[in-house]
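Engineer: Can you keep this structure in mind? I'll have questions shortly.
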Amino acid sequence: MKRDIHPEYVETQVSCTCGASFTTRSTIDNGTIRADVCSECHPFYTGKQKILDTGGRVARFEARFGKAAGSASK
C-alpha cells in the first residue's frame, strides 16, 4: 500500500433512533454515525415482519373472470 494516501480509519460509534448503539471502525471524520434502523429494531431481525402476498396479474385476472381459458367458442 502507498503511504499517506489512505484516509484515517478510526473507531466510530453508531447510534440508532431506538437507543441502541455499538462501536465499529470507519473513515468518518467525527466518529459518530446516526442510523434510522438497526438489528435491534428492524422488523426483519425482531421477527415482527408482515409478509404480504399480493399475487400477480394473472391471479387477479383469474379471480375476476374465472378460469375460462379453454371454454371460449369462436
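Note: Cβ is positioned from N, Cα and C throughout, glycine not excepted.
So Swiss-Prot lists the following for this protein:
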BINDING   C16, C18, C38, C41  Zn(2+) binding site
Engineer: State which of the following binding-site residues has the fewest other Cβ atoms within 10 Å around its Cβ: C16, C18, C38, C41.
Structural biologist: C18
Engineer: Quick check: with C16, C18, C38, C41 left out, which same-chain residues have Cβ atoms within 8 Å of the centroid of the Zn(2+) site Cβ atoms?
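Structural biologist: Neighbours within 8 Å of the Cβ centroid, excluding C16, C18, C38, C41: T17, G19, A20, A35, D36, V37, S39, E40, H42.
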